[in-house]
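Structure first, commentary second.
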Amino acid sequence: MNGLPRRYHITTFGCQMNKADSERMAGILEDMGFEWSENPQNANLIVYNTCTIRDNAEQKVYSYLGRQAKRKHQEPDLTLVVAGCVAQQEGQALLRRVPELDLVMGPQYANRLKDLLDSVFAGNQVVATEEVHILEDITQPRRDSRVTAWVNVIYGCNERCTYCVVPNVRGVEQSRTPEAIRGEMEILGQQGYREITLLGQNIDAYGRDLPGSTAEGRHLYTFTDLLYYVHDVPGIERIRFATSHPRYFTERLIKACAELPKICEHFHIPFQSGDNEILKAMSRGYTQEKYRRIINTIRSYMPDASISADAIVGFPGETEIQFENTLQLVDDIGFDHLNTAAYSPRPGTPAALWDNQLSEEIKSDRLQRLNHLVNVKAAQRSQRYLGRMEEVLVEDQNPKDQSQVMGRTRGNRLAFFQGDINQLRGKMVRVQIQEVRAFSLSGDLVE
Ligand code: SAH
Ligand code: SF4
Ligand code: F3S
């Protein structure tokens, strides 16, 4: 590789955590002198940052990997890295399946990429999947956007939802300190970022693993405390957060969101099922009645708040009537957005071993019926924007129409309008909404 430019490529699968990890790994690689290559075929170091939440996510990784493993037989200098959740789940087994791999690293190792690669370049084949303390991020992430940024607040998850692989692959909860989080946000504000999304698999768990107590003597420093602590960072105009867990979601948090002007009125609170028996089998720790109460409380403080969620259909043993309870909840609440999935049995999770699994036919039929309802409801929810003046933070050009720019409303709806991205990027503007679709809006800039 002497003298030649060293090019890297990262393909990211899965959730926002993986996207944030990829941005940090990219920052480390650029620090090491690598240059970004959009095309993996032109890269001599490739990272697949993988997801295993459902079987189809995992299988996708193997097909990508197969192609690059073949290429390595012609180009022995190619370095192949599998990072993220499949790496953590499979560990050594991945090397047996794809011996061409140089490095298999779990998500907790993202910030340690340089050390791991040093070992690879010294001639080793490396597997890093031991649970470790996540290093405080001292690198400069290479962020995809110049306007919006992710900031991790808590890693891992201590819940044990019976369908979910995340606790196995992301490890136990590790909260960053409030000072580290605020520090990162202050730098982002100085760099011109306008919007921050605070990230955690179960963000309501923030703080419960932090040592010591707060000044007020409360023994626990909570996510709500964190919001009060970071909400006034100069330059940052909007703050979002995800993901919320109905089991721990508090009225105090809702009040904080209503009170603090920079916190956007958008809540992502997965309910997973509208049936209490299924919620119990999932070990979610709440009832559908409690979920409805949370949404009602949010709407009593912020009538226009956007609500989004995740739901699973076809969980083991789910009857037609139990599925209809999910439809009923979706119909009653009227989500702005809903991520839906058919249940997929995952290795190392309790529900995968139960003998009451449903057929693929039933699962895909229920998924279709739910998706149909979701689209109808989202289109209805969009109607409320028609003719309204919305605050939009401009992020980018509309990839489908260069004469337009795009951004998001406070409620997280995509909005398009005519404008020049060079003048508008990062600007908070007012847009008169003229056209609404289920998941996006169009309008005119109001000078
Ligand atoms: N921490 C978040 C969710 C993380 S995983 C929470 O507690 O809600 C993202 C979503 O994937 C989940 O909300 C769930 O809807 C879906 N999911 C997780 N495991 C799944 C499985 N085995 N089959 C189908 N969907 C699953
Ligand atoms: Fe998975 Fe449940 Fe943790 Fe969410 S809260 S990541 S669904 S175990
Ligand atoms: Fe997937 Fe791992 Fe996220 S399994 S959803 S990338 S935490």
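Placement of Cβ uses the backbone N, Cα and C atoms for every residue, glycine included.
Quantities reported herein were computed from a predicted structural model and do not represent experimental measurements.
According to TrEMBL, the feature domain 'MTTase N-terminal' maps to 6-122. Marked as [4Fe-4S] cluster 1 binding site by TrEMBL: CYS15, CYS51, CYS85. What TrEMBL records for 143-384 is domain 'Radical SAM core'. Annotated [4Fe-4S] cluster 2 binding site per TrEMBL: CYS157, CYS161, CYS164, in sequence order. According to TrEMBL, the domain 'TRAM' annotation covers 383-447.
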Calculate the distance in Å between the alpha carbons (Cα) of CYS164 ([4Fe-4S] cluster 2 binding site) and CYS85 ([4Fe-4S] cluster 1 binding site), and round it to a whole number.
12
Hey, of the binding-site residues listed (CYS51, CYS85, CYS157), which one tops the CB count within 10 A?
CYS85
With respect to ligand 3, which members of the binding-site residues CYS51, CYS85, CYS157, CYS164 satisfy a Cβ distance under 6 angstroms to one of its atoms?
CYS51, CYS85
Which binding-site residues among CYS51, CYS85, CYS164 have CB under 6 Å of ligand 2?
CYS164
Neighbours of the [4Fe-4S] cluster 1 site CYS15, CYS51, CYS85: Cβ within 8 Å of the Cβ centroid, same chain, sequence order.
PHE13, GLY14, MET17, ASN18, THR50, THR52, ILE53, ALA57, GLY84, VAL166, VAL169
Can you work out the mean pLDDT of the predicted model over the domain 'Radical SAM core' (143-384)?
96
Those binding-site residues, CYS51, CYS85, CYS164: which ones have a Cβ sitting under 6 Å from ligand 1?
CYS164
Which residue, out of the binding-site residues CYS15, CYS161, CYS164, shows the minimum number of other Cβ atoms inside 10 Å of its Cβ in this structure?
CYS15
According to DSSP, does CYS85 ([4Fe-4S] cluster 1 binding site) fall in a helix, a strand, or coil?
helix
Given CYS15 ([4Fe-4S] cluster 1 binding site) and CYS157 ([4Fe-4S] cluster 2 binding site), what distance in Å do their CA atoms have, once rounded to a whole number?
14
